[in-house]
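Novice: Quick one: structure below, then a few questions.
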Amino acid sequence: LSSQVTQELTALMDETMKELKAYKSELEEQLSPVAEETRARLSKELQAAQARLGADMEDVRSRLAQYRSEVQAMLGQSTDELRARLASHLRKLRKRLLRDVDDLQKR
């Protein structure tokens, strides 16, 4: 009886393993196209994201160049205005100094 049970158990295990291998093969066949489709879709999405990122980075680069130009122009104007005011003050100081020197010489 024990030998018969062992044989039946072995046969059942072998049959179950064969069914499991067949199911595995069937599942792999079914999933292979799905996996390939998923890989292709992900690849497309990554390429699109990379293109968008590249475009966004180029936009940022362009905007930064524009802002830099604007800041340089503003700084240039500020520098020119400061230079003009300083020149005006220096002229006034020179006139005052010359007047004071003239007054001192007259004394």
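Backbone N, Cα and C define each Cβ position, glycine as well.
Pulled from Swiss-Prot, these are the listed features:
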type	residues	note
REPEAT	11-32	repeat '1'
REGION	11-107	region '5 X 22 AA approximate tandem repeats'
REPEAT	33-54	repeat '2'
MOD_RES	Met74	methionine sulfoxide
REPEAT	77-98	repeat '4'
MOD_RES	Ser78	phosphoserine
REGION	89-99	region 'LDL and other lipoprotein receptors binding'
BINDING	Leu93, Arg94, Lys95, Arg96	heparin binding site
REPEAT	99-107	repeat '5'
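Can you walk me through where each of these features ends up in the structure?
Specialist: Taking DSSP states H, G and I as helix and E and B as strand, the repeat '1' (11-32) has 22 helix, 0 strand, 0 coil.
Met74 (methionine sulfoxide) carries a helical DSSP state (H, G or I). Proximity of Met74 (methionine sulfoxide) to non-local residues of its own chain (separation of 6 or more, Cβ distance below 8 Å) is seen for none.
With a cut-off of 8 Å between CB atoms and residues at least 6 apart in sequence, the same chain places nothing near Ser78 (phosphoserine).
Under 8 Å from some Cβ of the region 'LDL and other lipoprotein receptors binding' (89-99) lies no Cβ of any residue in the same chain that is six or more residues away from its ends.
For Lys95 (heparin binding site), other Cβ atoms within 10 Å of its Cβ number 10.
Note on the repeat '5' (99-107): its mean pLDDT in the predicted model is 88.
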Novice: Can you give me the residues near the recorded heparin site, meaning same chain, not Leu93, Arg94, Lys95, Arg96 themselves, Cβ no more than 8 Å from the center of the site's Cβ atoms?
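Specialist: Neighbours within 8 Å of the Cβ centroid, excluding Leu93, Arg94, Lys95, Arg96: Leu90, Arg91, Lys92, Leu97, Leu98, Arg99.
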